[in-house]
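These features come from Swiss-Prot:
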- 5-172: domain 'Era-type G' (DOMAIN)
- 13-20: region 'G1' (REGION)
- 13-20, 60-64, 122-125: GTP binding site (BINDING)
- 39-43: region 'G2' (REGION)
- 60-63: region 'G3' (REGION)
- 122-125: region 'G4' (REGION)
- 203-280: domain 'KH type-2' (DOMAIN)
C-alpha cells in the first residue's frame, strides 16, 4: 500500500511568472488573485490540494522585488520567511523571458537553503520547443536544482506530471486539512481579494499598488443570501475618481464581476455594497496595513 504524502510547498519567483495561476489550477478554485499587474499577491495564500495519496499545501509568496514602501517591505519579509518553513520550494520562471536580475537575486537566496528546490519553467505554450532546452541549460549553469519541469499553468500542460514528481520528494504524513478545505484564509479575506482582482483588471497602471480592500461586514441574511459591505482604499482623490468612473460606471462593473465570483465561492446569492475612500499614503502606515488584513506572522 502506498504511503500517504503531505507537505508544505512554497512558490517563489519574480512578479507575473504565473504563481497565482498555478495555485488556482491545482486547487480547482480561485484562491489566489490573478492579474497582469505586478505585485498583486500580498499575503501567503495557502491553497490546499487534496488527492487520495497526498495533500500538498501551496504557499504563494509575494513576487520578489525591491521594496519601495512599508507594504513592500512586508511583502518581501513574507517571501523570505516562507523559505524556512516548508518541505519544498518551487522556483517559477517565465520560459519566454531572459534570465533577469530578479531571477539571479532569487537564485542567490536559494543557494543557501537546504530544502529541495524545483525549477518550474512556466508559459511553455509561448515558447518554441527548440528554445526550451537552451533555457534550461542556462538556468542549470547557475545552480543545481532538485528537478526541472517545464509547464503551462494556464493550459494545464505538464502540471499533473509536475505534481507527481513533487510528491516523490514530500515526507509521509497525514492530512493537515479536511478534504473539502481549499484554503486556510477565512472567506472574508478571499472575498476581499476577489474584489481587488476586479479593480486591477479594470483600472489603469497608476492604480494597482495603491488599492487596498477591507470587508467591513459579511452577514448571512437567509439560507441563500449573503450581504457583504466592503471599502476600497486608495491614496489620492484622483485614484478615487478612476475607481468610481464616470457616473459610477467603473465601480458598478467591479461589483458586478466580483459578485459573480463571490457567489461561486460561497454557493449562494450575494448582495454586495462597495465604497471607495481615500487613505493618504496608507502603504506606509503599518497599523493601517494590519487593519485591512495584511498582518505580520506572530512569533
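The backbone N, Cα and C atoms fix where each Cβ goes, and this holds for glycine too.
Following the DSSP three-state reduction, the secondary structure of residue 19 (GTP binding site) is helix.
Counting other C-beta atoms within 10 Å of each candidate's C-beta, the binding-site residues 13, 16 are led by 13. Residue 19 (GTP binding site) is surrounded by 30 other CB atoms, counting those within 10 A of its CB over all protein chains shown. Using DSSP to sort the residues of the region 'G4' (122-125) gives these counts of helix, strand and coil: 2 helix, 1 strand, 1 coil. Averaged over the region 'G1' (13-20), the predicted model reaches a pLDDT of 82.
Listed in sequence order, 95, 132, 150, 151, 152, 157, 158 are the same-chain residues at least 6 apart in sequence whose CB falls under 8 Å from the CB of residue 124 (GTP binding site).
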